[in-house]
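Here is what TrEMBL says about this protein:
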- 17-39: transmembrane segment (TRANSMEM)
- 51-76: transmembrane segment (TRANSMEM)
- 91-109: transmembrane segment (TRANSMEM)
- 96-232: domain 'Fatty acid hydroxylase' (DOMAIN)
- 149-168: transmembrane segment (TRANSMEM)
- 272-294: region 'Disordered' (REGION)
- 284-294: compositional bias 'Basic and acidic residues' (COMPBIAS)
Amino acid sequence: MQELRSFFSQHEDLTQVILYAGVITSLWFAEMIVSLDGIKTKWKHSTVNTLFIFTALPIQLLLTTFVVLICGWVTVHHWGLINFIPYHHNLWVYYIVMFMMMDFCEYVYHVTMHKVEALWKFHLVHHSDLKVDVSTTIREHPCETAIRTTFLMFWVFICGPAIGVLILRQTFQSFSNIVAHTEFRLPSRVNKIVSLLFITPNLHHVHHHYQLPYTDCNYGDVLSIWDRIFGTYGSLEKDKTVFGIDTHMDENLNGKFVNVLKIPFQKFDHPQRYGTSQENGIPMEKETLQEEHA
Ligand SMILES: [Zn+2]
Ligand SMILES: [Zn+2]
């Protein structure tokens, strides 16, 4: 039974990878049709990001084995916060509460990656993309892949999800992340409604603006409610949004895979974020966050 479950989980993982690749590729072609950039520019940009698949996949697949093992353990031992929730034996209650719990955990993870200097060095690789499109979804430093999956083990241990709900949650999360990075922004009116609950491309694009405080906005993974509750929600008009991260705006640096891999291990000053220097800029106040009117 254990082997069967293990095989099933591995199989699910590979199925997800194939689905994930299929969706990204389809959206990439869709973006290319409507994109103002030439195919050459888009191809060059995507090639760098695509190479991160080869560093992420082995780490992700290896560490997911431990996630699955922990998942099995918490289920057998009725361990985790879910067991303290009234009516958690009801399937609807179980799935909805677990989804929200895990989504909140991912929100905490994302805030942590921004606020802890040692972790930000790895996460900023994702932010260093000077153009955000569907390929940016996979732009993740291999060390962050390991950190993210290790955090996931911790969240699974804390919350106690069964393998079924975890797979469902991860699938939903993957698609949500892909959509959030596409160039296809929602019309303002639609966005106002959808973003009441969900992270939209419009919201995630704000997160990819090169300067604070916008970079530290809209941390949400699937749901936007945590940003609204904890005051990290922000919006910025499309024509005012500049992708990238202020400490690493050099196109030569960001456009070469090996250079990007080295970023976390190189010294750089980030005065706005950690106040290491007063010279390179004055932090913007949260009040400057603008409502989107476009
Ligand atoms: Zn981020
Ligand atoms: Zn992103």
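The first residue you see is number 1, and the count goes up from there.
The backbone N, Cα and C atoms fix where each Cβ goes, and this holds for glycine too.
Since the structure is predicted, the reported quantities are computational estimates derived from the model, not experimental observations.
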Same-chain residues near the transmembrane segment (91-109), Cβ under 8 Å, at least 6 residues beyond its ends: 81-82, 85, 148, 151, 155, 158-159, 161, 165-166, 168-169, 172-173, 219-223, 226-227, 230
Helix, strand and coil residues within the domain 'Fatty acid hydroxylase' (96-232) as assigned by DSSP: 95 helix, 3 strand, 39 coil
Arithmetic mean of per-residue pLDDT over the domain 'Fatty acid hydroxylase' (96-232): 94
